[in-house]
Amino acid sequence: MALFFFLIFESPPKVRLVRGPHRCEGRVEVERNGEWGTVCDDGWNLKDVEVVCRELGCGAAKGTPSGNLYKPLADEKQKIFIQDVNCNGTEDELIECDRVEDVFDCSHSEDAGAICEKSPPKVRLVRGPHRCEGRVEVERNGEWGTVCDNGWNMKDVEVVCRELGCGAAKGTPSRNLYKPLADEKQKIFIQDVNCNGTEDELIECDRVEDVFDCSHSEDAGAICERTVRLVDGPGRCKGRLEVKHQKQWGTVCKAGWNLSAAKVVCRQLGCGKATLIKRCCNKDTQGQGLIWLSNVSCSGQEEDLQHCLSGLEGYNNCTHDEDTWVECEDPFKLRLVNGDTSCSGRLEVLHKGIWGSVCDDGWAKKEEQVVCQQLGCGKPIFVPAKARKKFVPGDGHIWLDDVHCKGEEQSLEQCQHRSWGYHDCNHKEDVVVFCLEGQPDI
C-alpha cells in the first residue's frame, strides 16, 4: 500500500514585533520585497494594533507603546516603510489598511509599537520536573498529541523553548525518559519536524502531519533552561529569587512583590504552593551584582514570571537589602506502601516533609486512575474487599479528604480536595490502591 505524506507550508505574516518580551509585543516591522522596515507612529492607534495582533495570531490588542521603548532602537540604515496607517480594526492583515508608503518626515524615535495579549502556546512539555522540560505535545483542535522524534534535533528544541518562554535549548532527551509513557490512545500528530531554529512557534516549521510509522516509545522530548531560580535556601523550592536576562542572573526587588507573584514562581519551578514571601534577613542571604526586576505585578495565573508586568529590566533604585525571598512547599509526592510492589498498597502523600494517608470519602475509580497514572503504574484494577483489608491502617496524619478528580489530571494535587489536614475520618478509612502492574495474588 502506498503511503502519502504531506509537508505543511504556511504563508508567514508580513508583519512582526521585535525587541519585546515575547512575539506578541514589540516594535512593529513590516516586510516588503524580502526586506523588513519599521512603521512611523503618525496616526497609529489601537485599531491598527488590533489588526497586527490578529495577523500574528496573538490575543487582544492591549496598547500602542512608543517603538523606542524596545531597545536597541532600529539601525539608522533600516528603512521606515509606512506611516499614517488607518485601519478600521476588522482587517485580517495590516497590508489591507489604508497607509502612506512614502515616508519623508519620520525618524526611528517615532517607530510604532504594539502590545497584544500573548496567545496560549500550541506546545507543552509534560512529565518533566518543571514546565521547561518533558515530553513534547502539540495542540490541534483542542486535542493534545505527541511528536515523533524522527529528525528531531536541537534547532527544533530551540523553537519549543522560545514558544514556551523558557531559556536556551539544552537537550533532546531520550524518547522514553518521561514516565509514564503517553497513553496508547493518544495520537501522534507530527513527525519529521524541520526548524531552522529562528521560528517563534513550532507550527511555523516544516513538518509531516500524517504519522504512520511511529510509536509512543519514539515520542520527542525537550530540555530548556529555566530562567528563574531560588538560591541560598535549604532546598530548590526555598531561597532568594533570581531571574536570568541577557545571559546573566540577577535578583528581584521586593517593591510591589506579593503572594500572587510568588504563586507564579512556585508553579514555574515545579514546586508546591507558595507559603512565604519576605525580604532577605541578613547579608549572608542577600544577592550581589545585578537587580533585574522591580514592581512585578502578577494575577497569579501566569505560567511564567516573564508574563507578569514589571518595570524595565535593570531600571530601578533598589538595593540588595530589598531582594525578594520566596518559599514554596516541596513538590507534591505520593506513594503506595505495604504492598507486594510499588504499584499497590495504602496511599500516602507528602506534605510539609511528612507522609500521611488519604481518607476514602468520595474516593472512586477516577481518583485511582490519576494515582496509577502519576506513579507510572498503568491503570487501576478492581480488587475484592478481602484483599484490601490485609493492609494495616496507617498512623499519624490524615492529609487529604473528599478528593474529587476528573480522571484527566496529571497529578492528584490538581484534583479538588479539602484543605490539607482537615477531615472527619479515622485510619480505618485509609485509601488503598491497586494498579495493573501491582496486582497481588488473591
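Just so you know, the numbers here start at 1 and follow the chain as drawn.
Backbone N, Cα and C atoms are what each Cβ position is placed from, and that goes for glycine too.
Record features, source TrEMBL:
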type     : residues  : note
DISULFID : C87-C97   : disulfide bond
DISULFID : C195-C205 : disulfide bond
DISULFID : C298-C308 : disulfide bond
DISULFID : C405-C415 : disulfide bond
DOMAIN   : 15-117    : domain 'SRCR'
DOMAIN   : 123-225   : domain 'SRCR'
DOMAIN   : 228-329   : domain 'SRCR'
DOMAIN   : 334-436   : domain 'SRCR'
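Ranked by Cα separation from C195 (disulfide bond), the disulfide-bonded residues C97, C405, C415 are led by C97. C308 (disulfide bond) is 28 Å away from C205 (disulfide bond) when you measure Cα to Cα.
Mean pLDDT for the domain 'SRCR' (228-329) in the predicted structure: 85. When the disulfide-bonded residues C298, C308, C405, C415 are compared by Cα distance to C87 (disulfide bond), the shortest distance belongs to C308. For the domain 'SRCR' (15-117), DSSP puts the residue distribution at 20 helix, 38 strand, 45 coil. Rounded to the nearest whole angstrom, the C-alpha distance between C405 (disulfide bond) and C298 (disulfide bond) is 28. Under 8 Å, Cβ to Cβ, and six or more positions away along its own chain, C298 (disulfide bond) finds N258, S260, A261, K263, V264, L305, H307, C308, L309.
Long-range C-beta contacts of C415 (disulfide bond), restricted to its own chain and to partners at least six residues apart, with a cutoff below 8 Å, comprise E367, V370, V403, H404, C405, K406, E409.
Sequence-distant neighbours of C97 (disulfide bond) (same chain, 6+ apart, CB under 8 A from its CB) are D48, V51, V85, N86, C87, N88, E91. Helix, strand and coil content of the domain 'SRCR' (123-225), in residues and according to DSSP, is 17 helix, 36 strand, 50 coil. Taking H, G and I as helix, E and B as strand and the rest as coil, DSSP gives the domain 'SRCR' (334-436) the counts 21 helix, 29 strand, 53 coil.
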